[in-house]
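Listed in Swiss-Prot:
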- Ser159: active site, nucleophile (ACT_SITE)
- Asp318: active site (ACT_SITE)
- His352: active site (ACT_SITE)
- Arg228, Asp353: substrate binding site (BINDING)
- 54-332: domain 'AB hydrolase-1' (DOMAIN)
Amino acid sequence: MPTSEQNEFSHGSVGVVYTQSIRFESLTLEGGETITPLEIAYETYGTLNEKKDNAILVCHALSGDAHAAGFHEGDKRPGWWDYYIGPGKSFDTNRYFIISSNVIGGCKGSSGPLTINGKNGKPFQSTFPFVSIGDMVNAQEKLISHFGIHKLFAVAGGSMGGMQALQWSVAYPDRLKNCIVMASSSEHSAQQIAFNEVGRQAILSDPNWNQGLYTQENRPSKGLALARMMGHITYLSDEMMREKFGRKPPKGNIQSTDFAVGSYLIYQGESFVDRFDANSYIYVTKALDHFSLGTGKELTKVLAKVRCRFLVVAYTSDWLYPPYQSEEIVKSLEVNAVPVSFVELNNPAGRHDSFLLPSEQQDSILRDFLSSTDEGVFL
């Protein structure tokens, strides 16, 4: 039976769902190394039609997983995009077959640093090979082909998920009809790389790091918590932090900080340690930093090969992935006469991960784009 909290969030829910796993023989990475075997954790919602042309792949951000919608048994909270996935929602499961998978290099069921090395019976940890955004997409392509799907109706994602969607459009241009890129970029700027580098250095400087070969009993928890705290600062806008925290003191008897914002960041860091792996954090942030489709003329040249319609969404308050990066993508698409709809949502008190949050305006934008099947239709 759903809990009262589940009922609160479950209007139009896909209900109780289960993460599945599939094993492929191998995946050759862009760097030349091979993952053998390749494991992919995934969830699906809705039904694949006979023509197999109603499938939508949704791609998660840095700390996400395959659980995009519905509830796992005993969960109080639904999947990370539950507001937008389900019967009658933007990604309507009465109409579409939604696929969500955990990226390789992550720590939520797909091949990554926590995978057991068959040669010694221990987790690969820091000996796992480097994984790129392109490798993540190539792994997803194996999953899509497993379902017998030749052409996806859409690929959608925000932040790192948006990078995956972009990579799909250039790596497999004939295999998707629509591409939705939210709060993302064609490559990281020096500032974005700098934020991630600080997080990685926090992990590397933890006394328990041990060259990435730590035990579960002695993980680099302090370093990972600091990395998450740094990340959360970049997710929030200045106005949101002023409205939510200001200079308020922390609630309760907290000795380690004098301000509410400090208490919030400490909580985010400590809770993150319980659900994420430090090696995966390093692998995934490096994949983000090394992803590059270029900018300007270089990006225009790369995007000349795409064959799908685009929806690009940016957020005025997002200073981690500022709107100018989305505008660069749009300009390059327009030069190539690619049908593209661009929306910049102006919510001063918003945040980078606004694409994950419930929003009637955002729901309408996604719904209208997906339902407008004629090429060249603009919002």
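A Cβ is built for glycine as well, from the same backbone N, Cα and C atoms used for every other residue.
The model shown is predicted, which means the values in this text are computed figures rather than measured ones.
Looking at Asp318 (active site) and Arg228 (substrate binding site), their Cα atoms lie 18 Å from each other. The Cβ of Ser159 (active site, nucleophile) lies under 8 Å from the Cβ of Ala61, Leu62, Met182, Ala183, Ser184, Tyr321, His352, Asp353, Phe355, each of these being in the same chain and 6 or more residues away along the sequence. Here the recorded positions are Asp318, Asp353, and the one with the most other Cβ atoms within 10 Å of its Cβ is Asp318. All protein chains considered, the CB of Arg228 (substrate binding site) has 23 other CB atoms within 10 Å.
Cβ neighbour count for His352 (active site): 23 (other Cβ atoms within 10 Å of its Cβ, all protein chains included).
In the three-state DSSP assignment, the secondary structure recorded for Asp318 (active site) is coil.
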